[in-house]
C-alpha cells in the first residue's frame with residue numbers, strides 16, 4: 001500500500017503486518033549552538049559510516065560540536081576503526097601518532113578511538129598511546145558526552161567497550177537527513193561465529209532493535225525528504241524485532257520480510273535496500289518480499305565467500321554451494337533479472353587449486369554482478385588463525401586477480417545490456433564529472449549521469465540509458481508520453 005501516511009499505519013494491512021501505533025512525524029529541531037569543532041575519520045563498512053554519523057549527531061546535540069574536514073581546527077578528533085583486514089591496529093596507531101601533534105602547546109584537544117579495533121584492544125590503546133583520551137566500542141558511542149566530560153573532569157583517559165544490548169539506540173537524537181538516501185541500523189552484532197571473522201568479538205552477538213523503533217526512525221527520515229532507506233546489520237536478515245508487548249500481550253517478532261513490507265507503506269519511501277545478509281538466514285519470507293514489494297530494490301548483496309564445500313565447512317558458514325545456488329534460484333523465480341553481488345575470500349587456509357576452481361564454477365553458475373573480494377587475512381583470536389596456511393602469496397594474488405577479472409567482465413556485460421533500457425534513478429545531486437549534469441543510482445547500484453534540472457534532486461526519474469562506461473552509465477531523462 002504505497003503512499004500510506006505514517007499516522008495511518010495503525011490500520012494498514014500489509015500481508016501479516018501487525019497493528020501499529022501511529023508513528024510520530026519528524027519536526028525540525030532547533031539547531032544546537034555551535035561551541036566547537038568535531039573531526040571524524042571513518043574506516044571500514046557501511047555500519048561504521050552509520051555509526052560515525054550518529055557520533056556527529058550525539059555530539060552536535062549535547063556538546064554543540066560542528067563537523068569539520070580539518071583535524072587541526074577540531075576540539076574533538078575521533079577515528080572510527082575497522083578490524084576486518086590485516087594490520088588494522090597498526091594503521092590506527094599510525095593515525096594516532098600523526099594526531100599527537102594536535103596537542104602541541106597544551107591545546108586541550110580530545111582524541112578518541114572508536115569502532116572494532118577499540119573493542120579488541122581496549123586499555124591497550126591507552127597504554128601504547130597515553131595521549132589518547134577516549135576508547136569506546138560500537139555499542140557505547142552514545143556515551144561519548146559522558147566520556148568527554150569524565151575525561152575533562154578527572155584528567156584521566158576513559159575506556160568503555162562494553163556491550164549494553166541495544167541501549168545506544170534509545171539515547172540517540174532524532175536522525176538528520178543528509179540527502180535523499182539514508183542508512184538505518186536495525187540490528188547489531190552477529191551470532192554466526194564464522195571461523196575467520198572478528199565481528200562477534202568486536203560488536204557482540206545479534207541484538208535486534210524493536211520493530212516500531214525502526215519504523216519511527218524511517219518515518220522521521222521520510223518526513224525530512226529521504227526517499228531511499230538502506231537497512232543495516234552485520235547479519236541483517238537475522239532481524240527479529242519485538243513488537244506488541246506494551247499492550248500487555250506477549251511480544252511478537254517481525255522478521256526482515258515483514259519489516260520491509262511495513263516500511264514500504266510509509267509515505268515517501270520509494271526504494272528499500274538492505275545489507276549485509278547471510279545465506280543461512282535467507283528465508284522464504286524474504287523471497288516473498290521480493291515478489292510482493294516493488295520498492296525493494298532489484299539487487300541483493302549475499303556473501304558466499306567460497307564455492308568449495310570443504311572450504312565453506314572450514315569457514316563454518318553453515319551451508320553448501322548447492323544450498324546457496326538453491327536460494328538464488330528461488331529468488332530469480334520471482335525476480336528473474338535481479339542483480340547479485342557477493343563477498344569472496346581467496347586463499348583461505350588449506351584452499352587447493354581444486355577448491356578455487358569450485359569457487360570459479362559457482363561464480364559462473366550464479367553470474368555475479370559485483371564482488372568485494374580479498375586474499376584471506378588472518379585475524380588474531382579467530383579459530384581460522386590457528387589453521388596451517390601454506391599457499392604461497394603469489395598464488396593467492398593470482399587467484400584473486402582471476403576471480404576479479406571474471407566478475408568485472410560479467411559486470412561490464414550487464415552494464416552494456418542496460419543500454420537502450422529505461423532505469424529508475426534516484427537523483428542524488430550534481431555529477432562530480434560535470435556539475436552541469438545530475439547523478440544518481442540505478443536499482444542495481446550503477447551510477448547514472450544525465451542532463452537535468454537541479455530541482456529534480458531528491459526525486460526518482462526515468463532515465464533512458466544511452467552509453468555504458470567502465471564504472472558508470474550515461475543517459476537522458478525519459479519524458480512521460482502524457483507530457484507531450
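Each residue, glycine too, has its Cβ placed from N, Cα and C.
Residues or ranges marked as domain 'MTTase N-terminal' by Swiss-Prot: 36-153.
Following the DSSP three-state reduction, the secondary structure of residue 116 ([4Fe-4S] cluster 1 binding site) is helix. The Cβ neighbour count for residue 116 ([4Fe-4S] cluster 1 binding site), using a 10 Å radius and every protein chain shown, is 26. What Swiss-Prot lists as [4Fe-4S] cluster 1 binding site is 45, 82, 116, and the listing cites sequence analysis.
Mean model confidence of the domain 'Radical SAM core' (176-415) amounts to 94 (pLDDT, 0 to 100 scale). Summarising the annotation, Swiss-Prot assigns domain 'Radical SAM core' to 176-415 and lists sequence analysis as the type of evidence.
Other Cβ atoms within 10 Å of the Cβ of residue 197 ([4Fe-4S] cluster 2 binding site), summed over all protein chains shown, number 22. Feature annotation from Swiss-Prot assigns [4Fe-4S] cluster 2 binding site to 190, 194, 197; the stated evidence is sequence analysis.
Marked as domain 'TRAM' by Swiss-Prot: 416-479.
Counting only same-chain residues 6+ beyond the ends of the region 'Disordered' (428-450), those with a CB under 8 A from a CB of the stretch are 179-181, 271, 297-299, 339, 341, 369-370, 414-415, 418, 456-457, 461, 463, 465, 471-477. Annotation source Swiss-Prot lists region 'Disordered' at 428-450.
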Cβ neighbour count within 10 Å of residue 190 ([4Fe-4S] cluster 2 binding site): 23
Residue pair residue 197 ([4Fe-4S] cluster 2 binding site), residue 45 ([4Fe-4S] cluster 1 binding site) - Cα distance, angstrom, rounded: 14
Which same-chain residues, if any, lie at least 6 apart from residue 45 ([4Fe-4S] cluster 1 binding site) yet have Cβ under 8 Å of it: 82, 84, 276
Cα-Cα distance linking residue 194 ([4Fe-4S] cluster 2 binding site) and residue 116 ([4Fe-4S] cluster 1 binding site), given in Å to the nearest integer: 17
DSSP-derived helix, strand and coil totals, residue by residue, for the domain 'TRAM' (416-479): 5 helix, 33 strand, 26 coil
Listed in sequence order, residues not in 190, 194, 197 with Cβ within 8 Å of the centre of the [4Fe-4S] cluster 2 site Cβ atoms: 192, 193, 196, 198, 199, 200, 234, 235
